[in-house]
Each structure stands twice: as structure tokens, then as C-alpha cells.
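If you look up TrEMBL, you'll see A:26-473 marked as domain 'Amidase'. Annotated active site, charge relay system per TrEMBL: A:LYS78, A:SER159, in sequence order. Look at TrEMBL and you will find A:SER183 tagged as active site, acyl-ester intermediate.
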Amino acid sequence: MTDLTNLTVAEIRDGHRAGDFSAVEVAEAFNANVAAAKALNAFIVETPDRAIEAAKAADSDRAAGTLKPLSGVPIGMKDLFATNGVQTTAASHMLEGFVSRYESTVSQKLWDAGCGMLGKLNLDQFAMGSSNETSYFGNVISPWKRNDGGNAALAPGGSSGGSSAAIAARLCPAATGTDTGGSIRQPAAFTGISGIKPTYGRCSRWGIVAFASSLDQAGPMARDVRDCAIMLENMAGFDPKDATSLDLPVPNWEAALSSDLKGKKVGIPKEYRLEGIDPEIDAMWDAGIAMLKDAGAEVVEISLPHTKYALPTYYIIAPAEASSNLARYDGVRYGLRDLPQGAGLQDMYAATRADGFGPEVKRRIMIGTYVLSAGFYDAYYTQAQKVRALISRDFTAAFETCDVILAPTAPSAAFGLGEKTADPLSMYLNDVFAVPASLAGLPAMSVPAALNREGLPLGLQIIGKAFDEQGVLNAGLAIEERAGFTARAEKWW
Amino acid sequence: MAIDQATVRKIASLARIAITDDEAAAMEGELNGILGWVEQLGEVDVTGVEPMTAVIPNTLRLRDDVVDADPLTGGGRRDDILANAPEPQHGFFGVPKVIE
């Protein structure tokens, strides 16, 4: 029999429906891969029993003729989603041991659709990071290695690095991710998989540990575009419990997939041609342009004049919102409490937060506290909110002349663990292409497009109009079909 | 504007995070680096631009004025809410004594 862990979500769903294999066989195969891949450190908690339990239910449902949309598909859940009865930590010491008594809306939707849970996936602490080096539970190691024989451990991207590593290493066919400034797209690009951040508000944020509320958005990560469409259909939808949730029907994205781009215009933002960028990134971008032309699209140059201000805008707004959201971790209501001998309430707060937050989280809370403090609020925060409006307007103007935008996902391939940790700014610059779409709340996805000279995956990014996930998925499919990306990490773990 | 260590300690106190002298010294450089970089936003002309408050147009919905309208987020869930508190006492969140 073929190795079930090489199947996509669609293949598992359809094969299970057709009776080619049982859901229990699928769950057992993935459970075995998870158990054998400790070296990647992709999971914080493994839940093989939950996967088997859902698989048994899927097999009974098939016998009874009551199959659900994703019956028989086990998945990984980023440990930022609250899961009833299973520890949720956001990869922090602060929430170590926190077992929520409720289920996030997105995860509940996936269980209702028939999915089973293989475990809770590692991430950057409170989703703050681009390399998965800020987790309290240790770095996630990418399954990929450079072909130079050097054997350096590489970053799987962040913050959804446990998700990207697990999918690339065949520990799960799909996983949830969240994207605040590129945290679905950049790790997808680093590990040769696909991932889509939908329009802000498509997926409910209820039950997801909050980082920056005006930016956070859940989305799927999977091996191909079709699987992303299937997963997103089962994650999205109106939720009255989230005031920012969009009250719109969920389109049938999978059924409408089409890589025929005749009549479509693809915008190429000239400001994304960065000086000094790796020529391989530009070459991949040019190849992507040729692929979309081949699919029938017309290519037009567009301008997003405020692009250079997107990152500094992001690094004011995201920390500001984080400093507010993370104020709830005070040693009173959740998880950790550090009460020094004879300490009062204020000292307890300060000691708990000093102990519970890692350096990157503290750094961002401090920045956020500063930019929101009296005397600096208008100079930093209000100014950033105004520039954000201009960045959003740039996109609105660009979409008057094009349907989707094509750009690289990240300015480089995966870097080595530890290579950028000493300089926070150089780490932040890794999100230069991903952040603008986040600030504008637009749907955007990354698809693998090429290998670089070191044998590492590179991703192309497609950005769409608000609510036009279909246009993004279709352009992604056109690239996927033409790039023919079949490379995978050689197993060493 | 440059941040000195006294300012770092002030921010840490506002953020309710205890820091050591060594941490304050290290953060002085890091925060100055990041804030110096974000200050380039000052050069953008934002005359007449309203600060963005909602990224996707959406109207604020109000919940029906009904007690426990949603069984998950309504009342009557004290035990669930206290389940992860470090020191719950007598059905409340427990904190160190705050009065003399």
C-alpha cells in the first residue's frame, strides 16, 4: 500500500470516502510519523488518542453514510488556538499548564467537519518571531538542509514554524496557522508548502490567543493550493462571538478553483524590487511573471508608494496592540504566578511577567508601552495609524488596474537558526514583503516556486482584493501547476 | 529621541515587568535601535489623513440585551473561569493582601 502520509487532504478525504483505506489507518500512519520526529520539535503536545478517536468516528460515519466534509483527515493545531481539555500555551512559560475549558471557533469548526487532532504545534512565543526561536519549548528545526553538506539547522519560519515543519516533514497533511505580519506565508515559503491568510475577519479570532487584534487572522497551511481551499472553507465563517468577524457567506472555493487566468491582470509592484536583494529571489519572481502570462494573464506594473513605511508602521501598531492584549497575563487569572517572599500585588505582577515572558515578548511589550505612553502616543501610534491608512489606499488604487498582485514571499530562503537572533531589526526585515498585505487586511498566499542554489525552497506571494480569496487561490494554482515543485526535504530526523 | 536607562525602567514599570540593571542596559540599546528606525514614519506627509481604525469596512454589531444570551460567554461559568487561576479562593481570584 502507498504511504498514506504522502497523500494530500483531498486525497485522504476522497480515498477514505471511496473505502480505499480506513481513517484509523491514516491516523495511525501520521501518529507514527509524529512520534518518530522528535528531532524537529514541531509539537508541544502530541494527542494521538484524539486523532484515533476522530478516525474511529469517521469510519463509523462512513459505514452509516453520514460522512462530513473532512472525515478521516487528521491535522495539526497551532498551539495558539484554545482546545478544550488540551494544554494551550502560545509557546510561553506564562501559559504552561493552561488547559482551556473552551474551544476556539476555528478549531471547533474543523472538528465539526470531521478532522482529528494530531497535536498542538510549536510556534514563536505569543506568535512573536519570524524564525521559531522564541518558543519557551525550544526551537523548531526545519526538515530542510542546505545542499552544501554543512548540516546547519535551519529556521522553519515563524511564527507558524511548527505548522510548516510538520507539513513539510509529513507529520500532518495540513495545519492551522495564524498570520499577523506574515506568519503563515513566510514559514510556508521557507519549507516548500502553501498557506493562505484570508481577508481580515474571514476566520473568527474567538479562542485564539491574541497578539495584535487588528492584524491577527487564522488561515490554513497545507501542501498544495487545493488543500488550502478545502481547509479554509472549513475554518472561515461568521461568528457572533468575534466583533470583527465578517457576516458573509463562505464561498465554495475548492469547487471554483481554476488556473485559467484569461482576462485577469496581474500587478507587479515596482517598489518591491529591493536594492541588494538576492538575485535568485528576483529571478524566481520573473519566472512567476512568465508562469502567470502563460496562464493567460496580462501583467501590468503598479506602484505601492508607501511600501518602505510598512515595516516601521507594523512595528509600532503590532507591539502597541500586544502590550494591551498581554496585560491580561498578570499572575492572577491564568497559568503562572511568581510571588516573591513578602511581595505585594504590584511586585507579584512584575515578577510574574518578568518570569513568564521571553526576551522578544518583553521587547515588544516595552516598545508598545512606550509608543502608547503619554507624550508619545500621537508622535508614534497615531502617526502609524495614519500611514497605515495610506498603505491601504495604495492597494485600493493599485487594484483599480489589476486583479491580483505577484511578489516574492520573503527576501531570502530559510536562514540558519541563530544567524539573525542577535539583531532584532534584521529579523524584522525578513517580513518586508509580507507585512503590507497584513496592514491592509488583504488575502494573500504563498506557494512554493523554486529551489535556490543551496537546494532550499523559495515562495511566491499572491495578494488579492479584500474578499477575493478565489482570485488568490486561482493565481496560486496557476503557479503551482507550472512551477512543478515536487522537491521535499530528505529525511534525516 | 534617545531613551536612557531611567526611561527603560519607567517603561518597564508601566508594563509591570521587573527588570534587572543588566537587562535595562541591554534594552537601552535595543529600544533605541528600534525606535530610531520607526521614527522614519515622521517624514510621511499625513495631512488630512484620518488614522485607520478598521482595516476592513465592518459595522459594529450589538448583542441582544439578554442575560446569558450565549451559553459559552454568558454567566454561570465560575468554575471554568477559575479553573486555571493560580490561587483561587472561596470562588474568587486570590491575590496577595492589598490593604494594610
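Any Cβ shown, glycine's included, is placed from N, Cα and C.
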Within the same chain, the residues at least 6 apart in sequence whose Cβ is under 8 angstroms from that of A:LYS78 (active site, charge relay system) are A:LYS120, A:LEU121, A:LEU123, A:SER160, A:GLY162, A:SER163, A:ALA175, A:THR176, A:GLY177, A:THR178
Rounded Cα distance in angstrom between A:SER159 (active site, charge relay system) and A:SER183 (active site, acyl-ester intermediate) is 5
In chain order, residues whose C-beta lies under 8 angstroms from the C-beta of the residue listed as 'active site, acyl-ester intermediate', counting only those at least six residues away in the same chain, are A:ASP124, A:ALA127, A:SER130, A:GLY158, A:SER159, A:SER160, A:GLY177
A:SER159 (active site, charge relay system) has its Cβ surrounded, within 10 angstroms, by a count of other Cβ atoms equal to 35
Mapped onto three states, the DSSP assignment of A:SER159 (active site, charge relay system) reads coil
